[in-house]
Ligand code: 2HA
Ligand code: ZN
């Protein structure tokens, strides 16, 4: 019998949560990941075929009923998931009533999905309208990016333009720029709604003085997006540490040339 703990999906989430921790982007219980799993990917795993528990959720997920998600547990540390995946991850299916999930595997010591699960579900729902391949929502606390939310105006246009100009790769990876919501209390449906509405226009959304949400069709895509944004923020930080006097930069014309060559459409409200 093949066990779900040995599946590529559990391995992928275990490895990426450790990487997020190892980058210093998920201290303590910071961060959360949800990964939409296809029914075909569950075939052959006998230990996910029955409902172990029903867990209420503080959200109406009726539109997502029947969908499967592999989700990090609330309160758990990303540094530990790699050693205790069956305890700190859960495979859930959104129940028909929308207000609960059926647990099929994991959360073995009584855990429940991340406190940001409503935000994740709203995010998946909105991204799925734009991209039927959408499967991953990833939240973390990248240091340089968070620092920038203290020193820079929280303007999506200005913020995105700085990140675009800090390295050639940025515009190619996130040509639409980054979304920003105001500072809000995490773990609430209000922050979920604000984030999800930004996800209609951007794949990444900044939570000022808190962190970043990245989305994508694969774990690699969501992680790569986050990595690239944080790298740009890190370069910006180092530029400031070197005195901040820019002698040459990537110009608007350079950005337009880059977009043309790489076949991406930059956000025309920003450039
Ligand atoms: O899951 O990062 O935003 C812990 C958090 C909440
Ligand atoms: Zn957080």
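Cβ coordinates are placed from backbone N, Cα and C, and glycine is handled just like the others.
Note: TrEMBL annotation is automatic and uncurated.
It should be emphasised that the depicted structure is a prediction, and the values quoted were computed from it without experimental measurement.
What TrEMBL lists as active site is 116. With a cut-off of 8 Å between CB atoms and residues at least 6 apart in sequence, the same chain places 32, 139, 186, 187, 192 near residue 116 (active site), listed in sequence order. Secondary structure at residue 116 (active site), taken from DSSP and collapsed to helix, strand or coil, is coil.
Of all the Cβ atoms in the protein chains shown, 19 others lie within 10 Å of the Cβ of residue 141 (Zn(2+) binding site). Secondary structure from DSSP puts residue 141 (Zn(2+) binding site) in coil. Annotation source TrEMBL lists Zn(2+) binding site at 139, 141, 210.
Per TrEMBL, domain 'Class II aldolase/adducin N-terminal' is recorded for 11-237.
Least packed by the Cβ count within 10 Å, out of the binding-site residues 139, 210, is 210. Cβ proximity to the Zn(2+) site centre (mean Cβ of 139, 141, 210, cutoff 8 Å) flags the following additional same-chain residues: 30, 31, 140, 142, 146, 186, 207, 211, 212, 213.
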